[in-house]
Amino acid sequence: MKKPVNVAITGAAGQIGYALAFRVASGAMLGPDQPINLHLLEITPALNALQGVVMELNDCAFPTLNKIVATDDAKVAFKDCDVALLVGARPRGPGMERKDLLLANAQIFSAQGKALDAVANRNVRVLVVGNPANTNALIAQRNAPGLNPRNFTAMVRLDHNRALSQLAEKTGSHSTQIKKAIIWGNHSATQYPDLHHTLVDGKQALSLVDQKWYAETFIPVVQQRGAAIIKARGQSSAASAASAAIDHIRDWVLGTPEGDWVSMAVPSDGSYGIPEGVIYGYPVTCKDGDYQIVQGLQINDFSRQRMDATHKELLEEKDGVKELI
Ligand code: NDP
């Protein structure tokens with residue numbers, strides 16, 4: 001029997017948390033032979049709702065679920081955690097400016113970075129889902145000097161999966177036939193979904209679709225997919241966000257398939273002209289529990305412009321929270 005892995009989920013009684021906890025507990029993230037200790041964090045007013053989630057988790061009788069800790073204390077939730085899924089974040093309230101939202105979340109993520117620093121496993125892998133995810137991940141990282149800075153990542157995998165699904169529909173293929181899509185930059189409307197290196201059944205994606213569809217339909221549809229789901233469902237996407245979080249951690253820990261890559265927002269290191277100092281969506285391959293940014297891709301002017309625009313937005317977000325990093 002393998003040693004249990006401690007997985008912390010913040011905002012565990014929220015929409016995404018509710019969809020995520022059950023799949024993590026069932027083995028969908030780390031495999032059917034990996035016991036999981038779930039550490040669920042919520043704010044105090046949501047503890048009752050969290051108890052309901054715990055009851056349901058117990059009622060599933062998952063063979064892989066070893067133990068549940070439910071708490072409103074970050075230092076309890078993050079104690080010895082190996083994976084931290086930071087989902088809980090402050091939603092935009094009525095009349096709230098973008099800057100207020102940034103600051104409210106910056107406070108949450110600086111406190112969580114400090115708590116991770118104090119008690120988490122020194123090699124904890126952190127995935128930030130709560131928005132603004134890239135900047136929240138940067139804040140948590142900067143507040144956790146004792147942890148591996150490479151291990152602070154943010155989620156662009158939902159955008160990546162959305163790109164696969166749009167392209168599959170357009171080309172009459174299945175998402176499994178599509179390789180090497182990329183989401184560059186910020187998990188926001190400035191993200192750049194890049195198909196220049198993408199293959200559909202081994203053929204160049206951009207030879208199968210016209211440039212007008214790519215520039216004027218595909219890119220905005222992927223960028224605005226979250227808003228389209230809110231319009232249709234009356235609520236933001238939750239199950240697909242949870243599923244992408246599972247994909248992100250599974251591939252990071254267990255590896256990406258040969259001949260493909262995935263998109264992860266990771267600390268920039270100068271690759272592709274993005275200087276150190278932001279958490280930026282890149283194509284990565286994963287092996288032995290680590291990730292590497294894919295190197296050597298040709299970047300044309302169309303891509304360069306969009307990659308720089310999303311970087312500029314990240315710098316602006318960073319400037320808005322400079323007191324906390
Ligand atoms: P959701 O579970 O729907 O969303 C949680 C966060 O994920 C939001 O910041 C949301 O951003 C973000 N997100 C990222 N990508 C996506 C995506 N593709 N689709 C939708 N959301 C995305 O929010 P709820 O309000 O249902 O739940 C949040 C929970 O977090 C609450 O239970 C609250 O009590 C808790 N919370 C916990 C904290 C803690 O543990 N310390 C701190 C603050 C809150 P966006 O807002 O832009 O949709």
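Cβ atoms are placed via backbone N, Cα and C, with glycine included.
A TrEMBL annotation is a machine prediction, not a hand-curated record.
The record from TrEMBL ties R92, R98, R162 to substrate, and of the options N48, N58, N131 it ties N131 to that site too. Annotated NAD(+)-binding residues in TrEMBL are G11, A12, A13, G14, Q15, I16, G17, Q112, V129, G130, N131, and among N105, N121 the one listed with them is N105. Secondary structure of the domain 'Lactate/malate dehydrogenase N-terminal' (6-152), assigned with DSSP and counted as helix (H, G, I), strand (E, B) and coil, comes to 67 helix, 27 strand, 53 coil.
Taking each Cβ in turn and tallying the other Cβ atoms within 10 Å, the top scorer among the binding-site residues Q15, Q112, N131 is Q112. Among the binding-site residues Q15, G130, N131, R162, residues whose Cβ is positioned under 6 Å from ligand 1 are identified as Q15, G130, N131. It is 14 Å from the Cα atom of R98 (substrate binding site) to that of G130 (NAD(+) binding site).
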